[in-house]
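Per TrEMBL, domain 'AAA+ ATPase' is recorded for 184-368. The annotation ATP binding site is assigned in TrEMBL to 192, 193, 194, 195, 196, 197, 198, 199.
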């Protein structure tokens, strides 16, 4: 079996990590005299679990596993013969029977009390540590729900809500519902699409919690703010500062009790380089009374486990995000899985509480207790006058496949939704020519969109005093080109090179001695540089300083409101940022977003990816792609295999 897996690795059907884990299990089992079937099945199962984690799943759901499509080999003609040999070696044993074959194997456990590398639990096969992470998160949620009773104070909550929300809305004010819900919960999750007012809601909630402390004659809560990336943390800080300034009729003392400084979750945890260990954990928890996490859709299972372990027993946790966005890059889909309980509505007791404190009548659903900790902001204020983006995003999110495509035609004269279809294959003589034409379409658009900021760069190059760094960033940040894939004919790597060459031909950049370092090049950091206050995901531009020396100026601002910068020679581990993946764009917004889809269908293409790309745009959205690939993507839904929902249900049933 191991030799077959080696061939799969050489064919790039599985990763080196998948192969090495299978090899590790094979080495461990050799002294135990297992039958050939047990050995082969153990090695295969190990590779499959590792493969699943690489796809973002936290477990392998055996009831859904088809032997005819292991590692998706049935879709790859060059590896189909290997699939046949694999199936022969395991004697076509159905996946749900694997546990009985491996029940005495050293690498597999069927009880959580017995710690082994892999665990059979119900119809799932896990890495033990992922089952343990799910178990800890579910346990935390159960404790948080039980503890929430200590925060219940209907009369006081009503008074605070009336102070924060003046006037009576014609329809249900879901922001008020969210604040009312979170005021009495130790854990709360608030989900909402772009423009639904997540920042406004959390500012009112934080003020409400501090007002509650005042009324109870208790010290103000010590609050920490964090987000998964440096960029998201910077946006969180800017948004909170802006919204806090808009709040009227409240004392400055109260406002000062709300922090606006946000950090990355890794920094808050005290993550240590090259290790899974963190400074803060169960035995050394945070001192904070309340932790607020933004962009929660980017939080993976392992990060969430570390967060709940770092909370002191009576701390509150508030999570903000959009449950419909892309799931995290790493394994797990915390926001999506917790957000799914929103669909069950609220319990009758919580509806009665909401009626008492908000005067809104909400119909009860079939909710578990965890559902009473969740809120969904349903009204978008951003797209009221910009219906095109909201209409398209909603159609994609609701998987209205044909309608989502027709919306481009509906707004074709608005200059706000653009749709550039790749040339048909019949129009070209060969595949390479067809691909080149498609690439050139994207390059031509990029040259058009980036001309404005690069002309400003050229002016600064001639006279550094003529154009400020701030003005250049304002022009650059108006638009961002996104690709669905990193590596493909229309992926990030190829298009970044093609766009750079197109800009050179248009005399907008000069490579001089290096294509890697030249004036005007936008870069995306790929590693953290904590000593220089630089985080992976930060965007910078190589520009001349006042003395004509090359520096990298970053989009993050210092306390003096100037752009953070470093000499070019001190910056490493970055890539070009003319185009980035949709994943990398999470936590950012632009006036105009361009999405480049591949020529052919890919498992990466889902409605969550399309929705995330669309909702990065505040005013205009442009698509490069075919009708076939668009419709496939809108019709595909991210379904990450895990047992977290089952573990949560088990805690509350």
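Quick reminder: no glycine exception, Cβ is built from N, Cα and C everywhere.
Any TrEMBL annotation is an automated prediction that lacks curation.
When other Cβ atoms within 10 Å of the Cβ of residue 192 (ATP binding site) are tallied across all protein chains shown, the result is 24.
Each of the binding-site residues 196, 199 was scored by how many other Cβ atoms lie within 10 Å of its Cβ, and the smallest score goes to 199. Spatially close to residue 197 (ATP binding site) yet at least six residues away along the chain are 175, 377, 379, 381, judged by Cβ distances under 8 angstroms. In this model, the domain 'AAA+ ATPase' (184-368) carries an average pLDDT of 91. Each of the binding-site residues 193, 195 was scored by other CB atoms within 10 A of its CB, and the lowest score goes to 195. Around residue 198 (ATP binding site), the same-chain residues at least 6 positions away in sequence with a Cβ under 8 Å from its Cβ are 190, 192, 294, 320, 321, 377.
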